[in-house]
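Feature annotations, courtesy of TrEMBL:
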type: ACT_SITE; residues: Asp91; note: active site, proton acceptor
type: BINDING; residues: Asp29, Ala30, Val31, Thr32, Gly70, Arg74; note: CDP-1,2-diacyl-sn-glycerol binding site
type: BINDING; residues: Asp66, Asp69, Asp87; note: Mg(2+) 1 binding site
type: BINDING; residues: Asp66, Asp87, Asp91; note: Mg(2+) 2 binding site
type: TRANSMEM; residues: 30-46; note: transmembrane segment
type: TRANSMEM; residues: 52-68; note: transmembrane segment
type: TRANSMEM; residues: 113-132; note: transmembrane segment
type: TRANSMEM; residues: 177-195; note: transmembrane segment
Amino acid sequence: MLNKYARAFFTRVFTPLAAFLLRKGVSPDAVTLVGTAGVVAGALVFFPRGSFFWGTIVITAFVFSDLVDGNMARQAGRSGPWGAFLDSSLDRVADSAIFGGIAMWYAGKGDNLLLCAVTVFCLASGQVVSYTKARAESLGLKCDVNGVVERAERLVGTLVAAGLAGLHEFGVPGIQWLLPIALWLVAVGSLITVFQRVLTVRREAAELAELTAAESAATGEAQ
Ligand SMILES: CCCCCCCC/C=C\CCCCCCCC(=O)OC[C@H](COP(=O)(O)O[C@@H]1[C@H](O)[C@H](OP(=O)(O)O)[C@@H](O)[C@H](O)[C@H]1O)OC(=O)CCCCCCC/C=C\CCCCCCCC
Ligand SMILES: Nc1ccn([C@@H]2O[C@H](COP(=O)(O)O)[C@@H](O)[C@H]2O)c(=O)n1
Ligand SMILES: [Mg+2]
Ligand SMILES: [Mg+2]
C-alpha cells in the first residue's frame with residue numbers, strides 16, 4: 001500500500017537529487033551498493049547493542065538510496081535486468097541486517113528469547129514474501145497481489161518503532177514497548193502476506209494449466 005501511494009511522492013522528492021548525482025557521474029549501481037553498505041553498517045553496529053535511536057537515524061539516512069537508484073536508472077534510460085537483479089538482491093541483504101541486528105540485541109543484552117524468535121520470524125517471512133513473487137515471476141506467473149505487508153510496510157513499521165523505542169535511552173519512559181508491538185505486527189502481517197501470495201500463485205498456476213489444456217485440445221481437434 002505504501003509502495004502504491006508513497007512512491008509517486010518520493011519520485012518527485014528524489015528526482016532533483018537523482019539528476020544531480022547523474023550529472024556528477026555517479027552510477028545507479030554505486031548508489032545501490034553504498035546505500036546497502038550504510039544500512040548494513042547502521043543495523044549491525046548499533047542495533048545489537050540496543051542503540052535503536054542512532055541505528056535508525058543511520059539506517060534511515062541510507063535506506064532512501066533504494067528509491068534514488070531506480071530513479072537515477074530511469075532518468076538515465078538505463079533500467080534493465082542487471083539493475084533490477086542487483087537492487088532486489090541487495091534489498092534482501094539490507095533486510096537481513098536490520099532484523100538480524102534486532103535479533104542479536106534480544107539474544108544478548110535485551111535478554112528476551114521470545115522477541116528474538118519473533119524478530120527471526122520477521123526476517124525469514126519477509127524473505128519468503130519477496131521470494132514467492134520473484135519465483136512466480138520466473139515461472140511466467142504474475143503473482144498479482146501485493147499483500148498487506150510489503151517491504152515498505154516492514155521497513156517503515158519496524159524503523160519508526162525502533163527509532164521511537166530508542167528514545168528510551170534518553171529517558172523517555174514506557175516507549176520501548178513500541179518495538180515489540182511493531183515486530184509482532186510485522187510477523188503476523190508477513191505471515192498473512194505469504195498466504196495471500198501463495199494462494200494467488202496457486203490460482204494463477206491452475207488457470208494457466210487450464211488454458212494450456214484448452215489450447216492443446218483445440219490444436220488436437222484442428223489436426
Ligand atoms: C523521534 C525520532 C525517532 C526516529 C524516527 C526515525 C524515523 C525514520 C523512520 C523510518 C523511515 C523509514 C523509511 C523507510 C523507507 C523505505 C523505503 C524503501 O526502501 O522502500 C523500498 C520499497 C520497495 O522498493 P523496491 O521496488 O526496490 O523493492 C522491491 C521490494 O523489496 C519487493 O519486496 P516485497 O514487497 O515483495 O517484499 C521485492 O519483491 C522486489 O524484489 C524489490 O525490488 O520502495 C517503496 O515501497 C516505495 C515507497 C516507500 C515509502 C516510504 C515511506 C516512508 C514514509 C515515512 C517515513 C517517515 C517516518 C517518520 C517517522 C516519524 C517518527 C517520529
Ligand atoms: N542500480 C540499479 C537500481 C535499480 N534499477 C532499476 O530500478 C528498478 C527499481 O526501482 P526503485 O525505484 O525501486 O529503486 C529496478 O527494477 C531496475 O529496473 C537499476 O536499473 N539499477
Ligand atoms: Mg531501488
Ligand atoms: Mg530495492
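Each Cβ is built from the backbone N, Cα and C atoms, and glycine gets one as well.
Just so you know, TrEMBL annotations never went through curation; they're auto-generated.
Checking the binding-site residues Asp29, Ala30, Val31, Thr32, Asp69, Arg74 against ligand 1 with a 6 Å cutoff on the Cβ atom leaves no residue at all. According to DSSP, Asp29 (CDP-1,2-diacyl-sn-glycerol binding site) is assigned to a helical segment.
Within the chain, the transmembrane segment (52-68) has long-range Cβ neighbours (under 8 A, six or more residues past its boundaries) at 7, 10-11, 14, 17-18, 21, 31-32, 34-39, 41-43, 45-46, 87, 91, 94, 98, 101, 155, 159, 162-163, 165-170, 179. For the binding-site residues listed here (Asp29, Asp66, Asp87), the lowest count of other CB atoms within 10 A around the CB belongs to Asp29. Among the recorded positions Asp29, Ala30, Val31, Asp91, the ones whose Cβ sits under 6 Å from an atom of ligand 2 are, in sequence order, Asp29. In this view, the densest Cβ surroundings among the recorded positions Asp69, Asp91 belong to Asp69, judged by other Cβ atoms lying within 10 Å. In this structure, none of the recorded positions from Asp29, Ala30, Arg74, Asp91 has a C-beta falling under 6 Å of any atom of ligand 3.
Proximity note: of the listed recorded positions (Asp69, Asp87, Asp91), Asp69, Asp87 have a CA within 10 Å of the CA of Asp29 (CDP-1,2-diacyl-sn-glycerol binding site), given in sequence order.
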